[in-house]
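Trainee: Below you will find the structure I want to go over with you.
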């Protein structure tokens, strides 16, 4: 057989396409590619402080490196799907891999903030093509009987290993090799996934995607971009006017105009960027809403714990990353279990189990304090990872359950879009809630730190004794009053107490954010449960 025929792009014949192993090899390629795109984002979260120091930038600029990566990934999802329809999903997936790997590598070479921001956005463009194309190719290659299991395994392993591997690599490589290696490391996977994609993946049918939906893209970019800008900046320290600032008002106006324009235009467009009519299908609407909220809790967990470990507990990046590995492992294990159990008990029940566990894990965050042991953090992550693992795959399968084959591409796009929007908005939503709750908790602790309080005097006395005996601080030589302190030991003990209160206030503000997210999960779970019960009653009447 001629080499040209064996390596034919549309229908390669290196291995017989009817071989039962081929779909699983394709699934492995899709999982590995998606892992690289996800791990790159999470590695950046762990290494952000080192990147901030190397580029000599403020915390706000540093935050945008992460936000824009996830935002551009979400933004490119529907555009990449339109290109996939016209040029083929395999082709767009292949191009997306190249666009992801090369700019990601260049981002590690630069020492300039704006150059890095541009190339991180370019790599996110590639990631935005990888996510929808990979899920569509998985859906395309498997039979209807195995499709649900394959999707659940894809979501579980891609996001489980991507999360755990990304956080671990971010800490390990930053501490032992330097932060640039979190971008260099992924280039080693490029030849493997590119070659396997060529020789094992069959090209999909190319169809006319219709004219490019220019106004739909403009309205879509305006809605998502204004929302991503509004949430992290409306209560930022530099924005002293808050909700009444020019930025807050202008982005709010842009968001509502863009959202209304998007809905109005997409209903009339001949070739819409987003097929909003799919939301008339109830499982699709509920599944996407649940996926968004679960994704917010998912992505927020890593950023929040990284902040607590590094800024609050002053752990090294490697140690902070190592403590977060159980989260990704738990997502992978329980996600794989959901894939195996879904044919037996159904995706609806598994999705409900995952949602309930996710909600409970959000509420149990309130047990975390600055004095919590490593075991408390690990079990919390395992519990939360179990909820995410049980929920994401079945919710994805549930959302796609009643979609007709001709609409599966658009449905996958919207599912991926909601998941990525949850990822990009999750950390900013957490930060937004913290802006309100951190001052409240800090003030509450400050009210308890009265100089005439016997409890405070006893604590300061114990701290002074410790500092004098262990650190050689200047001891107290007499009584002190409210007018001020003159001894080094007293100064240091009071400073330590204030720092302790600030860290605990930060942790409690994070806990409050998860508490609110937990109630959001509960509300959606009740709605899904209601329609599940109603469907069962109708089935009973029919039978």
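Glycine too: its Cβ is placed from the backbone N, Cα and C atoms.
Pulled these features from TrEMBL for this protein:
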- 25-536: domain 'Major facilitator superfamily (MFS) profile' (DOMAIN)
- 21-43: transmembrane segment (TRANSMEM)
- 63-80: transmembrane segment (TRANSMEM)
- 113-137: transmembrane segment (TRANSMEM)
- 181-200: transmembrane segment (TRANSMEM)
- 212-231: transmembrane segment (TRANSMEM)
- 243-265: transmembrane segment (TRANSMEM)
- 285-309: transmembrane segment (TRANSMEM)
- 321-342: transmembrane segment (TRANSMEM)
- 349-370: transmembrane segment (TRANSMEM)
- 376-400: transmembrane segment (TRANSMEM)
- 412-433: transmembrane segment (TRANSMEM)
- 513-533: transmembrane segment (TRANSMEM)
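I'm curious about the neighbourhood of these features; can you describe it?
Mentor: Note on the transmembrane segment (21-43): residues 15, 66, 69-70, 73, 93, 97, 100-101, 104, 123, 126-127, 130-131, 134-135, 137-138, 141-142, 146, 150, 153-154, 157-159, 161-163, 165-167, 169-170, 173, 182-183, 186, 189, 192-193, 196-197, 200-201, 302, 423 of its chain, located 6 or more positions outside it, place their CB under 8 angstroms from a CB of the stretch.
Residues of the same chain lying 6 or more positions beyond the ends of the transmembrane segment (113-137) and with a Cβ under 8 Å from any Cβ of it are 26, 30, 33-34, 37, 40-41, 44, 51, 55, 57, 61, 64-65, 68-77, 79-81, 83-84, 89-90, 92-93, 95-101, 103-104, 106-107, 151, 154, 158, 201, 204, 396, 408-409, 412-413, 415-416, 420.
When Cβ-Cβ distances below 8 Å are used as the criterion, the transmembrane segment (243-265) is approached by residues 215-216, 218-223, 226-227, 229-230, 233-234, 272, 274, 276 of the same chain, each at least six residues removed from its ends.
Counting only same-chain residues 6+ beyond the ends of the transmembrane segment (376-400), those with a CB under 8 A from a CB of the stretch are 135, 139, 147-148, 151-156, 159-160, 283-284, 286-288, 290-291, 294-295, 297-298, 301, 305, 323-324, 326-339, 342, 347-348, 350-351, 353-362, 364-365, 367-368, 408, 411-412, 415, 419.
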Trainee: Where among 181-200, 321-342, 412-433 do we find the most Cβ pairs under 8 Å to the transmembrane segment (212-231)?
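Mentor: Looking only at 181-200, 321-342, 412-433, the most contacts with the transmembrane segment (212-231) come from 412-433.
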Trainee: Looking at the stretches 181-200, 321-342, 412-433, 513-533, which one shares the most CB pairs under 8 Å with the transmembrane segment (285-309)?
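Mentor: Out of the listed stretches, 412-433 contacts the transmembrane segment (285-309) most.
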Trainee: What else in the chain is close to the transmembrane segment (349-370), if you only count residues 6 or more beyond its ends and a Cβ gap under 8 Å?
Mentor: 287, 290, 294, 297, 308, 312-313, 338, 341-342, 376-377, 380, 383-384, 386-395, 398, 500, 503-504, 507, 510-511, 514-515, 517-519, 521-522, 524-525, 528-529, 532
Trainee: Which residues of the same chain, at least 6 past either end of the transmembrane segment (321-342), have a Cβ under 8 Å from a Cβ in it?
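Mentor: Cβ under 8 Å, 6 or more out: 46, 148-153, 155-157, 159-172, 298, 301-302, 305-306, 309, 315, 350, 354, 374, 377-378, 381-386, 388-390, 392-394, 397.
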Trainee: Taking a Cβ cut-off under 8 Å, which residues six or more beyond the ends of the transmembrane segment (63-80) line up next to it in the same chain?
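Mentor: Contacts with the transmembrane segment (63-80): 37, 40-41, 44-45, 48, 51, 92, 96, 116-117, 120-121, 123-125, 127-129, 131-133, 217, 220-221, 224-225, 228, 232, 273-274, 299, 303, 413-414, 416-417, 420-421, 423-424, 427-428, 431.
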